[in-house]
Amino acid sequence: MVEAFTVMNAVGLLAFAVAGSLKGAEADLDLFGVAVLGVLTALGGGTLRDVLVGRVPASLQSTADVGVALVGVALAVAFVVGSEDVRGHPALVVSDAVGLAAFAATGALVGVDAGLSPFGVVVLATLTGVGGGSLADLLLTRVPVVLREDFYATPAALGGVGYWSATAAGVTADEALLGTAALVFAVRVLAVRGDWRLPTLSAV
Amino acid sequence: MVEAFTVMNAVGLLAFAVAGSLKGAEADLDLFGVAVLGVLTALGGGTLRDVLVGRVPASLQSTADVGVALVGVALAVAFVVGSEDVRGHPALVVSDAVGLAAFAATGALVGVDAGLSPFGVVVLATLTGVGGGSLADLLLTRVPVVLREDFYATPAALGGVGYWSATAAGVTADEALLGTAALVFAVRVLAVRGDWRLPTLSAV
Amino acid sequence: MVEAFTVMNAVGLLAFAVAGSLKGAEADLDLFGVAVLGVLTALGGGTLRDVLVGRVPASLQSTADVGVALVGVALAVAFVVGSEDVRGHPALVVSDAVGLAAFAATGALVGVDAGLSPFGVVVLATLTGVGGGSLADLLLTRVPVVLREDFYATPAALGGVGYWSATAAGVTADEALLGTAALVFAVRVLAVRGDWRLPTLSAV
């Protein structure tokens, strides 16, 4: 079971790194900038999570995660050089949803372990899922996509609620982790297929 | 005495959440984005403060603060939906000054407790007071208002100086806390009434 | 030997504070904003470094560093008021390279001390060197200069690689520190003289 989760996490790192690198290439950054955007998108959420609970970021301690992220950067560079437009490609969208699911679930787990309030757990799940992409957006001086009419942060937040409720109800951490990931993935995929959006106040 | 401070803090959370949510609604964020801006404006300064001194953020551990912040978000949504323009309303300006005062005072207290230098205490007082609003500005890719011709961060910084001096002179923490809050509030209200501004270098 | 390093560090704080203050003055911030930009550019990288490894930032604990930074702010204000355009002045460019070298070296040292992976050491060296300027850019809602066709972050990253390799090979921390600083300085100065740039993907 834990192996399944490790695979989901790696898929997510790869997909996030590809997406971040493409964003950097589009903004005409140099190669260093493209790599920074890719790696930051992949590792930024987990780094924020660890800093918030006072841990030295796992991203700076292991080499495996950054290795996967750099593969994602290389893939993205190959796509751009080959003039292949992969944005919106179903494989990328699904991998991205897998990453959101895995990251939100680990965020919730770390939050519960650190003794956070339910609100804190939801914040940590959400930030772990969307923090990397949002940091990348900020570096490009863009309003983070997740704040605008998009159903992307919401599945991660729901995952936080789900994980907290499950562990409060006595479910084991391993089971809650996988259940949360499945929930986030399902909600995100449904949201993409159904083009779900949250209303803006001007539309009310 | 401590109760008075708790009330000031709650008033500040409410006022900051209303102001942040209005900013988000104005930028046409979706409902999730509006709530993020409101909660971040209310809790962001204290979160920065705690991260800087290596504490797990109080904002992620208690539920009371985020509850008050969410009430502020709901209020702001009601104002927007009811097309009531409350910006600049005296009640909001005064509540905001109360919040700045309470937040700057707690920032100074945490800084002295953590053994920071006088400079560190001033930074922590200022960041606790203006950090939430500045983070919200950054998410909207705006230069934080406090960096431009405005007398908003200055009262908070003066509060840091005041608190540090008072405790160095042997005043108890409780008294210094209330005295600092009173100082920050008075300076801020005078600044608003007198339309005080710091000069820019181009005006020199 | 350690004294030489202390001097390099002080030169760097001064140069970074001047550069940051000039940036703030150019953006027409008020005096408080100019000081914030100057101090943040000087101390921001080291602060990020300390927060990432879970230390209370040295910048908030000592008074010497901020004193040097404030001298830099005052210098910059004097330049602006005297209408002297010092940007690109060789003295500033060389001092800036000295700062980049000293900061990248301390970042690498702190990273190795904290037991980070080689990747973590490189990240910490780079962030310590370029983090302050990048935070200042973000406050002004600009894409950090280091992400765009510039050979500025690369010397710092190379310094991280150099320091890690040297200590892994058994070189003492003191020697590795000075060697790293020399390496970063040399690469940066060569890059400026030769107008080195990393390619962008659109140029590939």
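The backbone N, Cα and C atoms fix where each Cβ goes, glycine too.
All TrEMBL annotations are machine predictions without curation.
Taken straight from TrEMBL:
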DOMAIN    A:7-79  domain 'Glycine transporter'
TRANSMEM  A:34-52  transmembrane segment
TRANSMEM  A:64-83  transmembrane segment
TRANSMEM  A:89-112  transmembrane segment
DOMAIN    A:94-164  domain 'Glycine transporter'
TRANSMEM  A:119-141  transmembrane segment
TRANSMEM  A:161-187  transmembrane segment
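The residues of the domain 'Glycine transporter' (A:7-79), classed with DSSP into helix (H, G, I), strand (E, B) and coil, number 61 helix, 1 strand, 11 coil. Computed over the domain 'Glycine transporter' (A:7-79), the whole-number mean pLDDT of the model equals 94. Within the same chain, the transmembrane segment (A:119-141) stays apart from the transmembrane segment (A:64-83): fewer than three Cβ pairs sit under 8 Å, each pair at least 6 residues apart. Broken down by DSSP into helix, strand and coil, the domain 'Glycine transporter' (A:94-164) contains 57 helix, 0 strand, 14 coil.
Listed by sequence, the residues of this chain that lie at least six past the ends of the transmembrane segment (A:161-187) yet keep a Cβ under 8 A from its Cβ atoms are 1-2, 4-5, 8, 97-98, 100-102, 104-106, 108-109, 111-112, 118, 121-122, 125, 129, 154-155.
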